[in-house]
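Single-structure report; data block below.
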Amino acid sequence: MVSSRRGFNPIAFTPWPVTILTSLVYLALIIPIIVVHHLVPPAPKQSPPGVDLEEAWHDLQHLTRQYHPYNSHSNDEVHQWLLKRIRAISATTSARSESQGGPEVFVFDDNQTNLTFSSAGVAATAITGVYFESKNIVVYIRGTEDEPGEWWKSPDGEPSGKGGVLVNAHYDSVSTGYGATDNGVGVITTLQLLKYFTTPGHYPRKGLVLLFNNGEEDFLNGAYAYSQHPMSKFTHTFLNLEGAGAGGRAVLFRSTDTEITRFYGKSQHPFGTVLARDAFKLGFIRSETDYHVFDGVFGMRGLDVAFMEPRSRYHTDQDDARHTSIDSVWHMLSAAITTTEGLVSYTGNEFDGDSGEGGKLNNGVGTLGVWFDFFGSSLAVFQLNTLFGLSVALLVVAPLLLILTSVALFAVDKMYMFSMYTYLSESGGQVSLYGLRGMFRFPLILGISTALTVALAFLIMKVNPFIIYSSPYAVWSMMLSTCMFFAWFISCVADFARPSALHRAYAFSWMFGILWVFLVIATVYQRQHGIASSYFIVFYFAGVSVATWISYLELFGLSTTQDYARRQSRLSDRTPSSDSHLLAPSADELPSSGSVAGRDFNPEDVEDEEPTESTSLLRGQQRTTFANYASARGSQESNISNQGSSLLHPKNNRLEQKWSIYLVSSAWILQFLLVAPIVLILLGQLGLFLTSATYQIGADGGSQFIIYIGIAVLSVLILLPLFPFIHRFTYHIPTFMLFVLIGTLVYNLTAFPFSHNSRLKVAFVQEMDLGTGKNQASLVGVEPYIRDIVHAIPFVNDEEISCTSKGYGGRTKCSWPGLRPTVVDGPYKDWVTYNISQTKEDKTTRFEVSGKNTRACKLLFDSPISDFHVHGSVVDKRIPHTGSKGVSEVRLWSRNWENTWTVDVEWTKKSAERTGRVMCLWSDDNDLNLIPELDMIRKFAPWWVAITKLRDGLVEGSYSFKL
């Protein structure tokens, strides 16, 4: 007797190898992707030369002791502390410079620059005008190849030589956050860059400008003001350090071009994908960073590196040093050192080219890029043109290759796919090939599993739409398990009813066709809109194309359809009875050692072998119940595992098409490895990145349905590489996925959506009508939770609460009479003083505005004005301060407290009623009882609530006017 285990094939297309190998590959890739996404690489135990991590951490703790928005006294304290730290580092450098020839360091405390510009609005609406006075700190480290002299002291001075490098970080925080990651880590990183590039061995070849800008949180004011500083003429490239989350890894948000991105790609732990840049470009991400000014206004070339999650801590009291880590500091710092070092050491002329339009700098022209990281350890960077060329090549070559292969198969008479019958050339008799069996199985499996997965998105949105806010992985698990289980279940039912050896080939063919259409759309967007996020489709399609081609190549190993028809005809002639199917051998009867009774094995001999009294009467008969499927299939695999030839198709040739006995049993593993790994790496990263960027936008009024649909679609795309093989899975993993589905579905439908680590953000503002004494405190948040929060505040009567959702972008504003704030000593009517006067021609109105204990006021107009001018202000033709639809609001910022602004306003001809409000703002909440209503909310609001600011001021005091 021949051993039953002889010739076992561990990669045969049988249930256990398929289940185990595919599961191992998925786990081996998904687990590292999740780990890399959430765990920050550890900081070195000993600080590298040129930096001091312990010092950096102490600086971060000092910087984040208080809220320090621009309109606060603590902001002045931070400003003075930064100057002290910068000068201390510079003094060490100066002493070293005298003895070792170190670089010169120049510190500019910018207390003179101002600018009038517009900060928001589009052509179809009135815009917001801004007047801002700078409190920026600019540090220039002269490069070893920079021209000597102090050209900036001359009013018309211009830099010579190659352009320098700018590193920017804003040091103001919001009024409700300590600013540890937004943007304390960026500030501390910039301080350490000053130390690093003034340390021997690290001196920059090109000049380095470090900008500590103030006023970013109030619509990028500090970056706009930098446009008026002399150093803005010198810097051609930039690195912007920012924070839109609270901890984790620093992400490459955006980059202007391929060439600049390559410098970041050399960092030790690059992290990011071009998807973020495209999201900004398409308007899916509306918040902006200083990158917008440096790129869009100045025409500089550079990068935007920022923290991105969790957004529930962003702009709240949990954006503090306790909720970040030295590892996060090092991740940003190490990337900044590598990127900046590459830029200041670059000697080419790539960033010194022709002048841009609109007075932009001479920065040359870059190429749009594509980038994505691999497990946070390397960065793939290439041009969008390369991606476009590859896309076009695949769109043409891949279908052509399949067509030529199909023609060749027809030519050699081996095209079993798409063929129901063949005809004997001798007699013209018809022989069934069953080549269409399983042809429409894949769209059925894909359609039903996708529909059920998407249906869950609708269900969650209907019952518990905010569950993703705190439990994104519960949502992912639910979607993945739904798709996985139902795809397997439908596949098994179809395979039980109509087994087909062509399931793999047809599945890949359908995938090929669907992805080809997706690639056409992606290619159009690449060319016409510069959208590069479709890179995963290109690689997905490439893998599927080769896998599909392999399925076609497998058919060359079969006999011709004519030879098969002749054998079947001879068999039919010898056994004309209705029981002729008994002549088909069972799996046990196939030889295990390549021979039968001492002679060479030939499948034709087996087919012609007569049944005997010892032949099983049940072999080859169709299964009749699904209950018998598992045992029949398990017995079948057990028998097949004992066969001697690894090239024979593993299933009983009666259960699938008889000609399939010659199909290569191991080809499936090559197909799987061509598709699954690259899909998991690219889509896994994209899925987690999208989740991190969007899963908490619901608190800001964003559509959560898009998030659920996105996860559902990504779940299908991630599992799609399994679909050609999933009918071979054992029941164990799908059954486990069913339990996961049930558990996560119940949890997602019933669990409370917020937690201590994922608090719901609501925005606060208190509005004082100084003319009438009306005092309204307000919270803005999402329904129905905003009403529960307001009702939890003591001394607020239900009949006094008024709520409206108009004009708040999916959120609701609930207001009630609040406790009087004490942001100013004295009667509230004295908080704001103003005077309005008309010119003789009645074309211009002059406003004189001042507020006590503040340096921020604004003018609001019920009808847009055509123009305005702030006395003593500078205007820049690169940055228009008015628009075709006029100006509806003028914001006034001063570096001095209780300043008086003089503003001349020109009215449009349509301004029949000249009405509006004169308003001043107060943003300092570092002491108790300054804003007692806010103190009350913080004390009595539910534990799952976080307070953030609604607008620039926590308290707004205003007078109405009518001319």
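Numbers here mean position along the shown chain, with the first residue as 1.
Keep in mind that glycine also has a Cβ here, set from the backbone N, Cα and C atoms.
As annotated by Swiss-Prot, active site, proton acceptor applies to Glu216, with the evidence given as similarity to another entry. Under a cutoff of 8 A between CB atoms, and with a sequence separation of 6+ in the same chain, the neighbours of Glu216 (active site, proton acceptor) are His170, Asp172, Asn183, Gly222, Ala223, Thr289, Asp290.
Less than 8 angstroms from the CB of Asp182 (Zn(2+) 1 binding site) sit Ser173, Val174, Glu242, Gly243, Ala244, Gly245, Ala246, Phe307, Tyr314, His315, Asp319, each of them six or more residues away in the same chain. In the three-state DSSP reading, Asp182 (Zn(2+) 1 binding site) counts as helix. If you look up Swiss-Prot, you'll see His170, Asp182, Glu242 marked as Zn(2+) 1 binding site.
Annotation comment: Swiss-Prot describes 603-612 as compositional bias 'Acidic residues'.
Listed in sequence order, the residues of the same chain lying 6 or more apart from Asn111 (N-linked glycosylation site) and placing their CB within less than 8 Å of its CB are Ser134, Lys135, Arg895. Feature annotation from Swiss-Prot assigns N-linked glycosylation site to Asn111 (among others); the stated evidence is sequence analysis.
The N-linked glycosylation site annotation in Swiss-Prot covers Asn114 (among others). Asn114 (N-linked glycosylation site) falls within a strand when secondary structure is assigned with DSSP.
Residues or ranges marked as N-linked glycosylation site in Swiss-Prot: Asn835 (among others). A sphere of 10 angstroms centred on the C-beta of Asn835 (N-linked glycosylation site) encloses 12 other C-beta atoms.
Residues annotated as region 'Disordered' in Swiss-Prot: 569-618.
The topological domain 'Cytoplasmic' annotation in Swiss-Prot covers 1-15 (among others). Computed over the topological domain 'Cytoplasmic' (1-15), the whole-number mean pLDDT of the model equals 70.
What Swiss-Prot records for 37-391 (among others) is topological domain 'Vacuolar'.
Among the features that Swiss-Prot reports, topological domain 'Cytoplasmic' is placed at 413-441 (among others). Long-range Cβ contacts of the topological domain 'Cytoplasmic' (413-441) within its own chain (Cβ-Cβ under 8 Å, at least 6 residues beyond either end) map to 406, 491, 494, 498-500, 502-503, 505-507, 509, 552, 555-556, 558-562, 564-566, 568-569, 657, 659.
Taken residue by residue, the topological domain 'Vacuolar' (463-473) breaks down under DSSP into 6 helix, 0 strand, 5 coil. Sequence annotations record features per position, and here Swiss-Prot assigns topological domain 'Vacuolar' to 463-473 (among others).
According to Swiss-Prot, the topological domain 'Cytoplasmic' annotation covers 495-504 (among others), on the basis of similarity to another entry.
Summarising the annotation, Swiss-Prot assigns topological domain 'Vacuolar' to 526-535 (among others) and lists similarity to another entry as the type of evidence. Taking DSSP states H, G and I as helix and E and B as strand, the topological domain 'Vacuolar' (526-535) has 5 helix, 0 strand, 5 coil.
Marked as topological domain 'Cytoplasmic' by Swiss-Prot on the basis of similarity to another entry: 557-668 (among others).
Swiss-Prot lists 690-705 (among others) with the feature topological domain 'Vacuolar', giving similarity to another entry as the kind of evidence.
What Swiss-Prot lists as topological domain 'Cytoplasmic' is 727-732 (among others). Per DSSP, the secondary structure of the topological domain 'Cytoplasmic' (727-732) breaks down as 3 helix, 0 strand, 3 coil.
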Positions whose Cβ lies under 8 angstroms from the topological domain 'Vacuolar' (690-705), at least six residues beyond its ends: 37, 275-276, 279, 285, 308-312, 457, 461, 465-466, 468-469, 472, 476, 711, 714, 758, 760-762, 781-782, 808-811
Asn114 (N-linked glycosylation site) and Asn835 (N-linked glycosylation site), distance between Cα atoms, whole Å: 23
Residues that sit under 8 angstroms from Asn114 (N-linked glycosylation site) by C-beta distance, when 6+ apart in the chain: Tyr131, Phe132, Glu133, Ser134, Ala225, Gln228, Gly872, Ser873, Val874
Residues of the parent chain within Cβ reach of the transmembrane segment (706-726), under 8 Å, 6 or more residues beyond its termini: 13, 18, 22, 442, 445-446, 449-450, 453-454, 456-457, 460-461, 468, 475-476, 479-480, 482-484, 487-488, 491, 503-504, 507-508, 511, 540, 547, 668, 671-672, 675-676, 679-680, 683-684, 686-687, 690-691, 694-695, 697-698
Binding-site residues compared (His170, Glu242) - highest count of Cβ atoms within 10 Å: His170
Interface check, the transmembrane segment (733-753) with the transmembrane segment (505-525), three or more C-beta pairs under 8 A: no
Cβ contacts under 8 Å made by the transmembrane segment (474-494) with residues that lie 6+ beyond its boundaries: 438, 441, 444-446, 448-450, 452-453, 456-457, 460, 467-468, 503, 626, 629, 687, 691, 708, 711-712, 715-716, 718-719, 722-723, 726-727, 729, 733-734, 737-738, 740-741, 744-745, 747-748, 751
8 Å Cβ shell about His170, Asp182, Glu242 centroid, Zn(2+) 1 site members excluded: Ala169, Gly179, Asn183, Gly186, Glu216, Glu217, Leu241, Gly243, Ala244, Thr289, Asp290, Ala306
